[in-house]
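In what follows, a structure is listed as structure tokens, so that the remarks can point back to it.
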């Protein structure tokens, strides 16, 4: 899962699909603006 997250931070669109029990904490929204991301 690390490569899709890295791609997302670099401005690429990605879909990460999860499944599991209701209310188990699966749903997260990623919104990254390129100017806010600084490589370290």
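From the backbone N, Cα and C atoms, a Cβ is placed for every residue, glycine too.
What TrEMBL says about this protein:
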| type | residues | note |
| --- | --- | --- |
| BINDING | 20, 21, 22, 23, 24, 25, 26, 27 | ATP binding site |
| DOMAIN | 1-40 | domain 'Kinesin motor' |
Around the Cβ of residue 22 (ATP binding site), other Cβ atoms within 10 Å, all chains included, total 5
On the domain 'Kinesin motor' (1-40), the mean of the pLDDT values is 68
Residue 23 (ATP binding site) CB neighbourhood, other CB atoms within 10 A | 7
